[in-house]
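Take a look at the structure below.
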Amino acid sequence: MDCSLKYSCIFMCMNIIMLLPAFSYSQTLVSKASFYSTSDGMGTPSGACGYGDYGKDVNNGEVCTASRRLYRNGAGCGACYQVRCKNNALCSEEGTKVVVTDSADGQETDLILSYKAYAKLAKTPSLAAHLCGKGVVDIEYRRVSCGYGGNLMVKIHEDSKYADYLAIVVLNQGGATDIHAVEIYEEESQQWISMRKAYGAVWDLSSPPCGDLKVRFLTSTSVESKWVQSDKAVIPAQWKVGLTIETDIQLT
């Protein structure tokens, strides 16, 4: 790739983005939830968010598939919800916290939980089998912070091809913050270049700039929308597939 080439204006123009506010911490919603099974009761690496193995193991496998209205074309990926079911005989008062890693619409359900997460809704482990036997339960849920600690991470997606095509997946998002746009900084033109939303939490760019790349994110919470930027080079010049980089950005 010839790093001296100027990029066409298509990469310089910012797409018009409709910012949909994240669900408020205080907003409690009523719906139904079901569950899906895997060999170990945890998540699946093939979810629509594009997380891979991270989507299977994050939050100790207590993850969920979200309806389209919560998934929001991938803006809902990484969101955390505190979920409790309303069967007082079987369900605990606290419920459990789940992370969105996939998208699908069930029958009148907003959330389809991994088996491990669904079982945690029960008052006791001995009641989990009874709860799972019902298949679908009435729930209340609200958006919360995941409470991971640590900073936002960027992983070079497996579909990337150095140095002609760069795809990244955003990890450790925080849970209460949505990401609506991602840009990388080109030193030569001293301009920010918009990445394309490929799907889920995956963003990509053909013919990316050379050198170390700074990254910034257009974020929103229930309170505000703003750009957040790394104060250091995030993606190294010699990036490679599978590389995971921790930024100096922390989101709630």
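Glycine too: its Cβ is placed from the backbone N, Cα and C atoms.
Remember, TrEMBL labels are computer predictions, not curated facts.
Listed in TrEMBL:
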- 46-151: domain 'Expansin-like EG45' (DOMAIN)
- 164-247: domain 'Expansin-like CBD' (DOMAIN)
- 7-25: transmembrane segment (TRANSMEM)
Secondary structure composition of the domain 'Expansin-like EG45' (46-151) [DSSP: H/G/I, E/B, coil]: 31 helix, 32 strand, 43 coil
Stretch-averaged pLDDT - the domain 'Expansin-like EG45' (46-151): 95
